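Peer 1: Starting off with a structure, shown below.
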Amino acid sequence: MRALKSLRAIRMMRSFRLFRGLRLLVKACQCFLPSLCWAMVLLGVFMTMGALIMGNLLQSFVTDEEANFEDREWIWMRYGTAYRATYTLYEITFAGNWPTNARPVMERVSHVFVIFFVLYITIIAFAVIRVISAVFLKDTLDAAQNDAEHLVVDRLRKKAEYVEKLEAIFRAIDDSGDGIITEARMNEILSNDKVAAYFQTLDLDVHEGAALFHLLDNGDGEVTLDEFIDGIMRCKGPARAIDQVAMHADLKQLDIKLAKMARYFNHFDLSPRSKKDRSKKERSSVAGRSQALRGFLAHDAGSPQQKPR
């Protein structure tokens with residue numbers, strides 16, 4: 001009952017959620033628990049196999065009355081039963097004190113046992129343990145990367161740092177200090193190979209200053225700090241799927257508009273005719289259709305849903 005009452009101290013772990021570092025460590029420990037269980041199953045199989053092999057091989061030495069009694073007692077205390085041999089192999093696997101449990105066997109019994117210990121230490125204590133440690137490390141890193149709150153905070157921090165770099169670049173380009181960059185100044189700066197290489201470190205593949213300037217400019221022929229930052233943020237990195245979908249939607253809307261215009265123009269006879277060949281009725285019909293077409297185009301251009309980007 002006292003031991004069960006002492007388990008109430010586990011409630012202290014609830015305070016870990018107040019600290020981001022401790023919360024991240026606890027979540028990482030929860031993630032590698034399944035890997036830990038399967039790793040212990042695998043190591044348990046190897047340790048049991050090794051314990052049974054050593055116990056059976058050393059039974060003849062333990063029962064040999066002609067051998068030294070102290071040596072027989074030492075072997076019995078460590079390899080005499082399945083439980084003792086398994087615990088000894090557990091110490092050899094995890095404690096790293098295998099020389100104290102291996103060398104007396106070779107010196108007091110036989111040096112043939114060096115084959116078993118060399119194979120066991122090389123395969124289990126060296127190779128398998130390090131593979132398991134790598135799996136634990138992978139699970140811990142995955143848990144740290146998949147933490148939603150930590151991911152959002154990290155992205156916001158990186159975005160703020162990126163914006164600060166862009167502000168520093170803008171101030172370096174704006175030699176006049178008036179907060180405006182012209183196309184000539186942009187071409188002059190990007191003609192420098194070092195500047196182009198620095199832009200590539202910011203995930204911006206820039207080849208021509210004129211192309212970048214027209215992407216950043218809103219049509220007034222000048223680029224301000226806000227336009228520079230907003231434009232660079234849109235150009236940063238490869239094309240995203242949402243950008244491609246948006247472009248496809250714009251092209252589809254444009255195709256629908258052109259199809260409507262084509263249907264309207266199909267009602268007209270656009271071949272040149274003289275005024276004598278046209279009747280008054282045809283002229284009135286053409287004028288009415290032209291007025292309807294102008295009304296349709298005016299309504300379509302003024303609609304906020306169909307406003308061209």
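One-based numbering along the chain as shown.
Glycine is no exception: its Cβ is also placed from the backbone N, Cα and C atoms.
From TrEMBL, for reference:
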COMPBIAS  271-284  compositional bias 'Basic and acidic residues'
DOMAIN    161-196  domain 'EF-hand'
REGION    271-309  region 'Disordered'
TRANSMEM  21-54  transmembrane segment
TRANSMEM  112-137  transmembrane segment
Peer 1: Can you break down the domain 'EF-hand' (161-196) into helix, strand and coil residue counts using DSSP?
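Peer 2: Going through the domain 'EF-hand' (161-196) residue by residue, I get 25 helix, 1 strand, 10 coil.
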Peer 1: Averaged over the domain 'EF-hand' (161-196), what pLDDT does the predicted model reach?
Peer 2: 75
